[in-house]
Amino acid sequence: MPVMEEALNTGQRPIRSFVLRQGRITAAQRRVIQDALPALQIPTGEPWQDPWNGQRNITLEIGFGNGEHLAALAAANPDQSFIGAEVHTPGVGSLLLQMEKAGIDNIRIIHDDVAAWMKTLPDALFAHIIIQFPDPWPKTRQQKRRLIQAEFANTLQRLLKTGGELQLATDWADYAEQMLTVLNQTQGLINTDSGNSFSERPANRIPTRFERRGEKLGHSVYDLVYRRTI
């Protein structure tokens, strides 16, 4: 699943953890992007303003793909608020169509590179942060592009409320091990698994068609769940 850019502090241009492949946009997606997105999109170039005026817990999903998981989660939790971030326009259109069909009104959208925006946000903003199946960048020379690096992990920790949860999933074993190493070393995050290892799939993580297809091909899924302690 494509994800946002992590602007690493290298003194050079940012290293991107995604490749922008826009793909084909359907007429229905184009319509709903034009009609619905302006009212639901959070501007990334402006100071943070809570669309819900601080009245609800907010979950952030980074790289929501086609929006299947985010739409299902929001529909199942109408008393909670959700922000989904995705750079790929067809994915945004897909989510908007699902929201329209199901009457979902508790999602707002970041249609932009989320990394720079996250750095401008106040501390302790989110009750949950979800990152599912980020691009694994499997070749050794590409792994510097992986989203879960120490700097980004520190940003995730800062943005969680105390007691808030960070949930991740990947079907790439070596990336799962990297995530485990980086996050176990991140100050202020504690692995909810008693052995500091992988977790059972969280009850609120709804399997998607992408995941089910991978399981049929024999791909194992690795779940990681962390909680902010300080």
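Residue 1 is the first one shown; counting continues down the chain.
Quick reminder: no glycine exception, Cβ is built from N, Cα and C everywhere.
Sequence annotations record features per position, and here TrEMBL assigns S-adenosyl-L-methionine binding site to E61, E86, D113, D135.
The C-beta environment of R209 (substrate binding site), restricted to residues of the same chain at least 6 apart in sequence and closer than 8 Å, consists of E68. Sequence annotations record features per position, and here TrEMBL assigns substrate binding site to K139, D171, T208, R209, F210, E211.
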T208 (substrate binding site) versus binding-site residues E61, E86, D113 - nearest by Cα: E61
Cα distance (Å, whole number) from F210 (substrate binding site) to D135 (S-adenosyl-L-methionine binding site): 13
Neighbourhood of E61 (S-adenosyl-L-methionine binding site), C-beta criterion under 8 angstroms, separation at least six: H69, L70, L73, F82, I83, G84, A85, I129, I130, I131, Q132
